[in-house]
Ligand code: SAH
Ligand code: SF4
Ligand code: F3S
C-alpha cells in the first residue's frame, strides 16, 4: 500500500489483542473520528498471515454480554440487507449470525441487489476459483454502487483474513466500503456505523489473531427444520495445502453447557435435525484446561436430547477416538453417516500434506467404525494433483476409494494458497494431468454412488421432508438418515416431518419414491 492509499483511508481500525480484550469485556466503546485518524496514522496493518499462523497460549475467554449499543440499534430501520454466502457450512452459519445482528439493527432482508442498502459478501478462500468468483461479484456490483453511493458494500469471511486480498481490494476495488474478518463478526454494528459516517473511505477491521468466543449472538436461521450448531471454531491441524488455520484462527471449543442449551432450545422450537459444526470436530474439547470432555461426551449428552437427527462435520481421522465410535454406535438420533475426509490414499502424500495418519491407519479406523456401526455410510473429501503426486500415488487413492466403498466424495484439484507450505513447493504435475486424474476419480466415485443408490430400490426409508423439489413443485424432497436426496410424491402437510418413503427408482445422485401412507408424524430417535 502506498502513502496515497494510506491517506485515502481516513478511518481505519486495527484491532490488536489488547484492544480486543478491553472492547469485549465492557460494552464496546465508541471511537471518535479523531481516534480513527490516529489509528490510521499509527497502527493500521493489513491482516498478516504470519501473525495468524502463530498460536497464542492465552486462555480463550467466553463472553456472554453481546449487545448492540443503543445509538446503533435502529440504524437500519426502513433499510434492507443482502448477504451472499460462499464456502462451507461455517460461513453459512456466520451468515445466519450476521443476518441476526442486522435484523436487530432494524434491517430487513432482501434477495434483490437493487433494493439493498447493505450488501455483504461472505467469502471463501479455500481454492483459487472460490476467490475468483468473489472478485467477479465485486466487479459486477460496481455500477450499482456508483448509481447508489449510499449503498454499503462489505467483504467479510475467510478472504478478508488474507493480506493479499485486502490489499487488492483497497487498490483495485475502491467501491468496497467495508472489510472485516471472521473473528470480529460481533463488531458488525459498530463497523456499519463507521461505514455510514465515512462514505469516502474504506473501513477495514481484520484481526489477525483469533478472537474469543462470543455467545448469545442473535441469529436468523435459514429454515425451521434443520439447524447448524457451532461446537468449535478454528483449526490447528495445519495441513500443508490449507488456508483455514490462518483464516479461522486457533481451535477453541464452546463450553458444553452452551451447546447443549442451544440444542435443547432448537428441539423446543421444533427443529428436526441439527448439524454440529467445526473444521475438525474430533478435536472438540482438547483446548479445555479445566475439564476432560471430548466430542464423544458431547454426542452422548446430545443423544439424550429429544431431537430426531444429529449430524456432525467435519471429522479429522487423526482425532477420531474409540469413545466417539462407542457413543455413535448407540444409534438413536446419532445418524450412521460419517463424513471422513481422507484427502489421499498414499501414505507418502499424506505425510507431505501433514495429515498425521497413513493409508493403513485410515483403513484401520474405517474397519473399527464398520465393526461398531455395520450400516454406516462413509463419504469423504479428496484432493488430486497435490505437488509432485505420481501416477502410482494417485492410483493408491483410487484403490482406497474402492476399498472403503465411499458412497460419495467431494473431489478437488489441488489449488496453491499463498502463505501455505505446499504453495512454496515446485510442482512437476501438469494441469492437464491433474484434470485427467480428477475425471478418473469422479468416474469411480459416480459409479460407487450409483451402486449404493441401487441398493435402495423397493426399500422403505425415513425421509425428513424439507419442501418442494427444486425442479418440480408437485414433488417433495428431503434427505434420508444417510443423507441421500429423495424426491417423492406426498402431501404438503408432510413438510417438516419425518416420513416413510418407498423407493421406486434409484438415480446416481438421488432416489425417487412414494410416501407410505399414515407416516406423517414425528419419529423421535428413529
Ligand atoms: N476441515 C475439513 C475440511 C476443510 S476444507 C477437513 O480437514 O477435512 C474442505 C476440503 O477442501 C478439504 O477437505 C480439502 O479436500 C479441500 N481443500 C482444502 N484446501 C485445498 C486446496 N488448497 N486445494 C484444493 N482443495 C483443498
Ligand atoms: Fe484445513 Fe486440515 Fe484444518 Fe481441515 S484439518 S481445515 S484441511 S488444516
Ligand atoms: Fe472456505 Fe473459510 Fe469455509 S476458506 S471452506 S469459508 S472455513
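The count begins at 1 with the first shown residue.
Every residue, even glycine, has its Cβ placed from backbone N, Cα and C.
Where the annotation comes from TrEMBL, it is an automatic prediction and has not been curated.
The region 'Disordered' annotation in TrEMBL covers 1-34.
Per TrEMBL, compositional bias 'Basic and acidic residues' is recorded for 17-34.
Summarising the annotation, TrEMBL assigns domain 'MTTase N-terminal' to 79-197.
Annotation source TrEMBL lists [4Fe-4S] cluster 1 binding site at 88, 124, 158. Other Cβ atoms within 10 Å of the Cβ of residue 158 ([4Fe-4S] cluster 1 binding site), summed over all protein chains shown, number 28.
Look at TrEMBL and you will find 221-451 tagged as domain 'Radical SAM core'.
Contacts of residue 242 ([4Fe-4S] cluster 2 binding site) defined by a Cβ separation under 8 A and a same-chain sequence distance of 6+ are given as 126, 235, 417, 420, in order along the sequence. Annotation source TrEMBL lists [4Fe-4S] cluster 2 binding site at 235, 239, 242.
Taken residue by residue, the domain 'TRAM' (454-517) breaks down under DSSP into 4 helix, 34 strand, 26 coil. The domain 'TRAM' annotation in TrEMBL covers 454-517.
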Among 88, 239, the most crowded of the binding-site residues [Cβ within 10 Å]:
239
Rounded to a whole number, how many Å is the Cα of residue 124 ([4Fe-4S] cluster 1 binding site) away from the Cα of residue 239 ([4Fe-4S] cluster 2 binding site)?
17
When you measure from each Cβ to the nearest atom of ligand 2, which of the binding-site residues 88, 124, 235, 239, 242 fall under 6 angstroms?
235, 239, 242
Give the distance between the Cα atoms of residue 158 ([4Fe-4S] cluster 1 binding site) and residue 239 ([4Fe-4S] cluster 2 binding site), rounded to the nearest whole Å.
17
Given 124, 239, 242 as the binding-site residues, which ones have a Cβ positioned under 6 Å from some atom of ligand 3?
124
Roughly how many Å separate the Cα of residue 239 ([4Fe-4S] cluster 2 binding site) from that of residue 88 ([4Fe-4S] cluster 1 binding site), to the nearest whole number?
17
